Amino acid sequence: MSSGVIQDIVYVIALIGIGIPLGIYIYKVMTGKLTWKPIAALERFTYKVMRINPEEEQTAGRYALSALTFSLFGFGILFALNMLQGYLPFNPEGIEGTSAHLAYNTTASFVSNTNWQAYSGESALSYLTQMAGLTVQNIVSPAVGCAVLFALIRGFQRRESRTIGNFWVDLVKATYYVMIPLSIIVTLLLVSQGVIQNLSAYVHATTLESGAEQIIPMGPAASQVAIKQLGTNGGGFFGVNSAMPLENPTPFSNFVECLSLLLIPAALCFSFGRAVKDSKQGRAIFIVMLVIFLLALIGMTMSENVAAPQFDGVAQSGSMEGKEARLGVDTSALWATATTSASNGSVNSMHDSYTPLAGGIQMFLMMLGEVVFGGVGCGLYGMLAFAILTVFIAGLMVGRTPEYLGKKIQAFDMKMVCLVILTPPLCLLLGTALSTFVPTITDDFTNTGAHAYSELLYAYTSGAGNNGSAFAGFNANTVYSNMGIGTVMLLVRFIPMVAVIFLGGNLAKKKLIPASSGTLSTSNAMFIILLLLIVFVVGALTFLPALALGPIAEFFKTLPTLG
Amino acid sequence: MEEKKSTNTKPRIWIAGLICAVFMTVFCGLIYPLVMTGAAQLTMPYQANGSLIYVEEEDGSVVCYGSELIGQEFTQPQYLIGRPNTGSAAASNLSAVSEDQAALVQERIDWWHELDPENTADIPMDLVTASGSGLDPHISPAAAEYQVPRIARERGMSEDEVRAVIAKHTDGKDFGFMGEDRVNVLMVNLELDGKKIIS
């Protein structure tokens, strides 16, 4: 068995092996069943400073308002840091403030848990902006996702209740008990491998052969890289993200980062099962995600190895363009699959240089709505929206009122589900289509033909999936793209989020219907297959035409009989 | 009366949102990274500061020859040479199957043959494709082996001596299955040049 296959298998085992206990831990923490004195004291202090009463519960409306105000003020602080960094401390390189449109894009990107990089960290941002701006949103934006997920879960747990928890408590607990402790562990693991963590000025070294000056960028990278992976953020400390050796120096650091990026979204499936008192429900959702993930992983690895271009006089090998020698083809393909499944978007190799079908799989994973693990919280609430859609369709087929986890699914619920499922494709396709009308857009491509269109499609796919990875040959730092993609990222983050909160609020008001012999099981193999099909069919119906013009067209061009 | 005491009114939510955003900026944005910086500097200063290579020259001066983790450009035949874009260019971002990419690869193949016309072996793939970072410090063991006869000839060493230096700076897969076997190009060249590394 090749080492690449062994690595894939160990990866999946580690994901499940750590995911289950972590999921149970998150469930206990978020429901207040587990506290630890020092953190509890810090929690109480935080509530006191915020002048809120943690015992007081919120309705869906107040919960949504809290989530939005918090994100809005976070937006303001990060935008200001971007613009004013030239006047602020922790800036040994004297980096100036960014342009307003780039600041808007970067801010939208991090507040929406996307981490699309129109900026290049080492040349555009000061250490203060990286720490007090980006790192903060890296920690709190997944915490917001986690909070909203639990608001939805309470909708299933409760009966005839007006409230769905308290946003501030959910946010603070997710931050203090989950994000920060995991980040500390991963930071130290990464530093031990050689990821930098300092506040020094850039080092001016001498090269061996030519004696030329070599500038080595420095900074507090490890603390940000840790949460960038754990929080499904993905925005690199450096421009080339985790391909940069100072951000990802060894295959072991790579494994840690790659595992971190799926860990919390996978664990939340098991938290969900615990929370609805039926761990089979969480397992069913996890299996659906894992099956799609494995299919994509096999496709990606095959395409990169088998469909790689070969050249006369060069030894046969997989596609190495844009990949690092320490990582190689299989390790890079594993990461590429994980990062586009989770809405992480960090990269350890250049997606633009992947073989056509591998690039197509990356886009398709994002187009499925980032529900194959997806972002922290939002991946699972997206998948639960698909689960509700599945029981709805199944209900229509047999003529019964659909129900999920003992809650009747009615018109209002389905409207919210549609908002969750349809907002991203709408923004994605309209954004791509409108952009093709911008006359200057062709100046921003590196590639030509079908692949140039793929660069544009990938950009809006990434924005509309809150993913953040890129076909980096596309120059996104223009006024048009910064504004366009920035706005898409905000819409696809906050419209579904508010819809999910109101869905949770509406479900909480309902009575519980006891399961009967006519109830559709939502944890057996039949349901798993149905849910898989619904996710695939919605994705395929929406996006096959768009994909046909890009990666699929490019693939057919490589076939010898047609090319 | 109950409603008045509530901390859940709209104005109170706006105030809480503002305070919370500022509080999290201080806690997650200053305390967390600064504490981690302190911990890393105390326990693992070499790694935390970029794995820099300091060399004591013959005249006693100390020179920083870059980082163990950052590749440098080598073009002369007596050196082990890394990925084509190392230290000189970022990723190409070209489609793997495009004509532009094929033309670039052909240029690189020609470059290698010009550098060492005697070597007619197949060139390893990593020597004709660009890395993602543009700073790749490594090449595959096959890519190092491909260059052994040339380096030995240029330096008047035996091939086995060159192989021994390369082997010293070759790392296997981590834990036997993670990533790839790789050779650190800069470390090999520093040793070939007889540089004395002091840290």
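From the backbone N, Cα and C atoms, a Cβ is placed for every residue, glycine too.
The model shown is predicted, which means the values in this text are computed figures rather than measured ones.
Listed features, source TrEMBL:
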type	residues	note
TRANSMEM	A:6-27	transmembrane segment
TRANSMEM	A:60-81	transmembrane segment
TRANSMEM	A:131-153	transmembrane segment
TRANSMEM	A:174-196	transmembrane segment
TRANSMEM	A:252-272	transmembrane segment
TRANSMEM	A:284-302	transmembrane segment
TRANSMEM	A:371-396	transmembrane segment
TRANSMEM	A:417-438	transmembrane segment
TRANSMEM	A:483-504	transmembrane segment
TRANSMEM	A:525-553	transmembrane segment
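The stretches the transmembrane segment (A:252-272) and the transmembrane segment (A:371-396) meet in space: the count of Cβ pairs below 8 angstroms, excluding pairs fewer than 6 apart in sequence, reaches at least three.
Contact count against the transmembrane segment (A:60-81) (Cβ pairs under 8 Å) is highest for A:483-504, out of A:174-196, A:371-396, A:417-438, A:483-504.
The transmembrane segment (A:6-27) shares more Cβ pairs under 8 Å with A:284-302 than with any other stretch in the list A:131-153, A:284-302, A:483-504. When each of A:131-153, A:371-396, A:417-438, A:525-553 is scored by its Cβ pairs under 8 Å to the transmembrane segment (A:483-504), the top-ranked stretch turns out to be A:417-438. Within the chain carrying the transmembrane segment (A:525-553), a Cβ under 8 angstroms from the stretch's Cβ atoms is held by residues 284-285, 287-288, 291-292, 356-357, 359-360, 363-364, 367-369, 371, 383, 386-387, 389-390, 393-394, 421, 425, 429, 432, 450-451, 453-454, 457, all 6 or more beyond its ends. For the transmembrane segment (A:131-153), the list of distant contacts is 26, 30-31, 60, 63, 67, 70-71, 74, 77-78, 81-82, 90, 110-113, 115, 125, 164-165, 167, 170-171, 174-175, 178-180, 183, 220, 223-224, 227-228, 230-233, 235, 264, 268, 272, 275-276, 375-378, 380-381, 384, 497, 500-501, 503-505, 507: same-chain residues at least six beyond its ends, Cβ to Cβ under 8 Å. Among residues of the same chain six or more beyond the transmembrane segment (A:284-302), those with a C-beta under 8 A of the stretch's C-beta atoms are 4, 8, 12, 266, 269-270, 272-273, 329-330, 333-334, 336-338, 340-341, 354, 357-358, 361-362, 364-365, 368, 371-373, 380, 383-384, 387, 522-524, 527-528, 531-532, 535-536.
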